[in-house]
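**Student:** According to TrEMBL, the protein has these features:
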DOMAIN    1-389  domain 'Major facilitator superfamily (MFS) profile'
TRANSMEM  14-34  transmembrane segment
TRANSMEM  40-61  transmembrane segment
TRANSMEM  73-91  transmembrane segment
TRANSMEM  140-158  transmembrane segment
TRANSMEM  214-234  transmembrane segment
TRANSMEM  246-267  transmembrane segment
TRANSMEM  279-299  transmembrane segment
TRANSMEM  305-324  transmembrane segment
TRANSMEM  345-361  transmembrane segment
TRANSMEM  367-384  transmembrane segment
């Protein structure tokens, strides 16, 4: 009974960590913040490329850090970097100041990336409850969307008075996580489990490259999320084109996240029902939704933007659950970091060009073409999947 109570407490703390870590008060107005400081869409996308490259540089070292020195330490350091990055960002006004802020929060994201899910999976496995991972992680994704919904609503109103204040508010929520993580129970490891730091990185890369099933999951996760994630920045541009007031941005993003939270609560049921077809279904839904939004721009179809969040997080949860069933726990965070590394490298390559094309031809033509690119690339990966078995 005490063990059961302990795991429930740990899972609840995990939910809190995800909640506070995703109280991104800046999210509904960050594009307006950049625009107010004179940035073009190409510069905005270049900032995201800098962020992605910055995270990529630290992705593998921090993943191995989590496996070697402890996932708790990694999560705490990540939250601290996010806190510092948000404070710096709030005082910034130029492209290069923003770039330094992106690198700082990028380091924080790298320390958290993979370590959170690997920590949860190992705790569940220690308690013989590994099968609950998708269910618990799906619920955690729901908490993330609820946090983002709350932050979006509050951020829209805060941003109507001061755009920079949304960044300072976000630093406070991340600092709460700095205080929360030390209360997590530690993962006890036998000394024989501990692999040399650099050997851990080498072995994890070897595992991904030689296990064809993990390799396909890594490729699909990297490509899918790299293609879908830039769309979050276009949601604000979409609202701006529709000439909606700033406070409405917050209300709209809250709606996106509430709808996403409801959808993500059914991740386990969705995966159980459709099994291997989940990758095809989510690819079709994402590309067709983007095409529809661009062909018929209207306030009445705004809820469709939430489908991108649902699809991205469902893919992350489904693939993480399957990969973590295959890899040993001492390599878990590193292997997941490799997946995120690939995602961010693809993302870093795509978004500067997408931003330049948008500045050149406009948002709607650019994203219409992008929807066909998504369909083609993801469809190709799904078609060749059999060769990876």
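Here the Cβ of each residue, glycine as well, is placed from N, Cα and C on the backbone.
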**Student:** Assess whether the transmembrane segment (345-361) lies in contact with the transmembrane segment (140-158), where contact requires at least three Cβ pairs under 8 Å among residues 6 or more apart in sequence.
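**Tutor:** Contact absent: fewer than 3 Cβ pairs fall under 8 Å.
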**Student:** Can you work out which residues elsewhere in the same chain, 6+ from the ends of the transmembrane segment (40-61), have a Cβ less than 8 Å from its Cβ atoms?
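**Tutor:** Long-range Cβ neighbours of the transmembrane segment (40-61): 31, 34, 95, 98-99, 102-103, 105-107, 109-111, 113, 201, 204-205, 230, 233, 237, 334, 337-338, 340-341, 344-345, 347-349, 351-352, 354-356, 358-359.
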**Student:** Does the transmembrane segment (367-384) come near the transmembrane segment (214-234), with 3+ Cβ pairs under 8 Å (pairs 6 or more apart)?
**Tutor:** yes
**Student:** What residues in the same chain, six or more past the boundaries of the transmembrane segment (73-91), come closer than 8 Å to it by Cβ-Cβ distance?
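**Tutor:** Answer is 17, 21, 26, 62, 65-66, 97-98, 100-102, 104-105, 107-113, 115-116, 119, 164-165, 167-168, 170-171, 174-175, 177-178, 181-182, 184, 333.
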**Student:** So are the transmembrane segment (214-234) and the transmembrane segment (140-158) touching or not, going by 3+ C-beta pairs under 8 A with a sequence gap of 6 or more?
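**Tutor:** In this chain the transmembrane segment (214-234) does not contact the transmembrane segment (140-158) - fewer than 3 Cβ pairs sit under 8 Å.
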